[in-house]
Amino acid sequence: MSEIKDVIVQGLWKNNSALVQLLGLCPLLAVTSTATNALGLGLATTLVLTLTNLTISTLRHWTPAEIRIPIYVMIIASVVSAVQMLINAYAFGLYQSLGIFIPLIVTNCIVVGRAEAFAAKKGPALSALDGFSIGMGATCAMCVLGSLREIIGNGTLFDGADALLGSWAKVLRVEIFHTDSPFLLAMLPPGAFIGLGLMLAGKYLIDERMKKRRTEAAAERALPNGETGNV
């Protein structure tokens, strides 16, 4: 159970692919102009990570070490092609919006990295969980950045959600404030870089505060009974 918890925590927070490893920045910065696009690409990446980790882990004993990377890439490309066809069939609007970034998941360092670092060494169940956790960590980072950029740039949230989730999702669209013209800085790549920088700074501050609290708690536990540590 502790190993399962560690895999989940590492994927979602401690070893977050976007905020710690800084992998997959090209789609992270290019696609997150809206929360809907960010959610769509994040879920596609999560599905690819989960399925490829599961497949590679299952086949790890039959994969020659000398040609493992080409085999990994072929497996990843097959899964990405299947996911691309699913999005094309059931969410065509999102498919048009994401464009080239769906097939580019094949070259995403996150997917190949987890295959080499985790799936090739661990069992199928734990590898699938690792892929799901890493994918959801990236999805959360994308959605936060996409939401911030959409709110600041257009004053809306989940605009076009029906392209991803169907016609019922039109009710998810929220107009936070009305604007006659979008704030282009937030919608263009410079805004993405600024937003990502703020998210990195925020995570650092949270980690430092949590570290300080753990240190203070450990110091209090180390004191003899009745002492508070105050002079």
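Our numbering is plain: 1 for the first residue shown, then up by one each step along the chain.
Cβ atoms here come from the backbone N, Cα and C positions, even for glycine.
A quick note: this is a predicted structure, and the numbers were derived from the prediction, not measured.
According to Swiss-Prot, the transmembrane segment annotation covers 18-38 (among others), on the basis of sequence analysis.
Within the chain carrying the transmembrane segment (39-59), a Cβ under 8 angstroms from the stretch's Cβ atoms is held by residues 24, 27, 31, 71-72, 75-76, 79-80, 83, 87, 91, 94, 97-98, 101-102, 105, 108, 110-111, 114-115, 118-120, 122-124, 126-128, 130-132, 134-136, 138-140, 142-143, 146, 164, all 6 or more beyond its ends. Residues annotated as transmembrane segment in Swiss-Prot, with sequence analysis given as evidence: 39-59 (among others).
If you look up Swiss-Prot, you'll see 63-83 (among others) marked as transmembrane segment, on the strength of sequence analysis.
Taken from Swiss-Prot, the feature transmembrane segment applies to 86-106 (among others), supported by sequence analysis.
Among the features that Swiss-Prot reports, transmembrane segment is placed at 125-145 (among others), with the record citing sequence analysis. For the transmembrane segment (125-145), the residues of the chain that approach it from at least six positions outside its boundaries are 3-4, 7-8, 10-13, 15-19, 24, 28, 31-32, 35, 38-39, 41-43, 45-54, 56-57, 110, 114, 118-119, 192, 195-196, 199, judged by C-beta separation under 8 angstroms.
Listed as Cβ neighbours of the transmembrane segment (182-202) (distance under 8 Å, sequence separation of 6 or more from its ends, same chain) are residues 18-19, 25, 28-30, 32-33, 141, 144-145, 148-149, 152-154. Positions annotated as transmembrane segment by Swiss-Prot: 182-202 (among others).
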Ask   = Do any residues of this chain, six or more beyond the ends of the transmembrane segment (18-38), have a C-beta under 8 angstroms from a C-beta of it, and if so which?
value = 45, 94, 97-98, 101, 104-105, 108-110, 113, 137-139, 141-143, 145-147, 149-150, 153-154, 157-161, 163-164, 187, 189, 192-193, 195-196, 199-200, 203
